[in-house]
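Read the structure below first, then the notes.
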Amino acid sequence: MEETPPGQLRPQPQPAHASPPFPAPGSFTPPPRVFSPALAARGTPSPGSGHGAPAHLSTPPGPPVFSSPLRPAAVPFRATPSSPHPVPFAAAGGGYSSSSSTTTASLPNSSAPHFLNGAATPHGDLAPAPSLLQGDGLDNPYVQFSANKVLKQKKLLNTPSLGFGALVSPGKEVPPGPEVVERDPRRCLNCGAYVNLYCDISIGSGQWQCIICKKLNGSEGEFVVSSKQDLLQWPELASTTVDYVQVGNRRPGFVPVSDSRVSGPIFILIDECLDEAHLQHLQGSLHAFVDSLPPTAKIGIITYGRTVSVYDFSEGSAVSADVLPGNKSPTHESLKTLIYGTGVYMSPIHALLPVAHTIFSSLRPYQLSVPEVSRDRCLGAAVEVALGIVQGPSVELSRGIIKRSGGNCRILACVGGPCTFGPGSVPHSVKHPNYAYLEKTAMKWMESLGHEAQRHSTVVDIFCAGQCPVRVPVLQPLAKCSGGVLLLHDDFGEAFGVNLQRASTRAAGSHGLFEIRCSDNMLVTQVIGPGEEASPDSHETFKHDSSFCIQMHSVEETQSFSVSMEIKGDIKSDFVFFQFAVHYSNVYQAEITRVITMRLQTVDGLSAYLASVQEDVASVIIGKRTVLRARTASDAIDMRQSIDERVKDIALKFGTQAPKSKLYRFPKELASLPECLFHLKRGPLLGSIIGHEDERSVLRNLFLNASFDLSLRMLAPRCIMHREGGTFEELPAYDLVMQPNAAVVLDHGTDIFIWLGAELAAQEGQSAAALAACRTLAEELSEQRFPAPRILSFKQGSSQARYFVSRLIPAHKDPTYEQESRFPQLRTLTPDQRARLKSSFIHFDDHSFCEWMRSLKLVPPEPS
């Protein structure tokens, strides 16, 4: 059996018959006090805002050079938080009892009629609920299934090449939000499932039947009502999604009114080893960042090089810092000296904004003549110091460490090079004879530090910029295990600053536990996402609890889990039920249990099942299962080949053979699926259009944890052409879109490209208007996206245009009739325009989509 790779959550045990899921992927004295009356006057102004072309490609190979100058950070940034403000808690019901009783006896006879959540049933018999009242919840914003119906036949549903599953975003925030109830949830005492709108309920006795294990549970008379309409007063019996809120030690009825754009205190870690050009852009981004924060936001500032400097705000307008050595982890005694001393290391923005600007302006470039990659950076020790201060005086409780009040915390690390000094460091050169072993040791240490941060409700986001290799394999475990992200930027300018802001406004929950329960022998076979399988002693278990539990690193709306499922035998019932529950502590220290319950209809016919397949969702799930196994460059080559085999197998299992031919037709219901997978095969996640493995590694980690919307865009780009009059038209992402008189926007998730045709670019006024309109569209498409994408613009024929061309399917090689069938916009061109377009292409060996399908002995599907 293959070893389960990191990042894959696989429940145990697996049924013997099930098809295997696609596998993945010393101490020191107290710190001295350094004081300066005023470190420096605010002498280095932040760079002015520009409106030229935005930032460029990051890490080796070097970025393309654009005609416009580098765009520094705008001051201040537009406040566009990536999540809406949390809805204040409002009780949606009284303080009902949470205890339950259960029985396996039949429902007692009663003179009152019996209802299934409002549906009258004859003489005590329980029957399915009417769909008119309850629906199936298929429009639920938190869960998207790969198909809206479930095949009853085990052999077909369990086909590994297509598979069945769901994308779940349990931390997603949507207005107006789910029903909120300030009481404990009522649960099945046999399996632990939650009462919900699909449960069979007798209004005469108040008993309810669990949808997962079919056992009866009592409600201590709570659900005894006189009318079916009375059941709708319980939100959990009227809605597919309910948030149960326990306010803990807050006073009853407390409603938070503080500015909710910031999830909690923020520590900014700043690399001291930057050259002057990089430092100036970082200063501009930091000035703009603190200006964008609300007055109540609490921040702390640390700089690190060979030492760790923690800035103290207790001196008013003066600036002082406590300095700790960076060659070893801080001892408990040294941290106590900081925490219990007179220093103030975190303070609200309204009290320290001038001081923060003074600190940023006082930063100086690296002075020694040492190459960037060889400079000493003690990032590990700096994170340890920040974590110690964030934790502060704490109390051990049964569930772990509970911090002082102030909400969950973030550490935002601004990094310009690798950690080469102190704990978690690697040698300066990869040619060091012991580099492989030391790298493995550093990765293990960083992973342990990430888990420690996660236990203390602290997320570590690492923002790298510049051209110095940062040793991504070493830093990635720290971000991942704490629930944060690692991002690579071209420079410390605009995109870097925007991501700083958006990271700080992500409302993060902590201590997350994600539970999945399914009925009718439906089995979870693989989960991919930002978490790891929970140990049995980390959560409450029930006598016959068949749920699969995941310990989440953090709970954020930008995340999703890919859940693959199979059935242990043919399904007999008309519906399959799914229940997803996430427990977490929110930014106000309240305990939240979000319960999402859905049902899918079962069908016998293959055509009905295929018609219900959600191709975009299925593509993303397949993409995540594939990318999970692409841990190295050689793995990626194997995964590209596996896509060929997968597409052929889907056609063989679900398609039909063409008459008088050995070719198979791909099922028409899945017409767009192979094209999405063709983009995956060619694109940056598996392909070779990005030049450095570190970049591919960062992209893959983002993709595996990303929300459905971002995942889909990273998988298959969205192509939009600018039309005369300022309108836009969405077109297939084919190279036929590169028309000399057009402007095109290509959204590929983490990158948005603006391409100007040569004829349009030659017309100064029209090209400026088209470029401005495309830029506005790109900003609107990505306004709330995290991470914020690079927005690159260039002209036809320029060297940097290859980054745009490489993401388009080379359809110019196809016959004219196929081009017009798949790209109808061609019919609007004049013969002369068609001829100029045809002559503009440079021929190379890459297959078009149709050529690829035929190479697999498949008939290309008709465009949908």
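We count from 1, first residue shown onward.
Cβ from N, Cα, C; glycine included.
What you see is a predicted model, and the numbers here were worked out from it, not measured in a lab.
Record features, source TrEMBL:
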- 1-132: region 'Disordered' (REGION)
- 12-34: compositional bias 'Pro residues' (COMPBIAS)
- 97-112: compositional bias 'Low complexity' (COMPBIAS)
- 185-218: domain 'Zinc finger Sec23/Sec24-type' (DOMAIN)
- 267-493: domain 'Sec23/Sec24 trunk' (DOMAIN)
- 510-602: domain 'Sec23/Sec24 beta-sandwich' (DOMAIN)
- 616-712: domain 'Sec23/Sec24 helical' (DOMAIN)
- 745-802: domain 'Gelsolin-like' (DOMAIN)
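Counting Cβ pairs under 8 Å to the domain 'Sec23/Sec24 trunk' (267-493), the top-ranked stretch among 185-218, 510-602, 616-712, 745-802 is 510-602. Taken as a whole, the domain 'Sec23/Sec24 trunk' (267-493) shows an average pLDDT of 89 in this prediction.
Look at the domain 'Sec23/Sec24 beta-sandwich' (510-602): DSSP puts its residues at 3 helix, 56 strand, 34 coil. Sorting each residue of the domain 'Zinc finger Sec23/Sec24-type' (185-218) by its DSSP state yields 0 helix, 8 strand, 26 coil.
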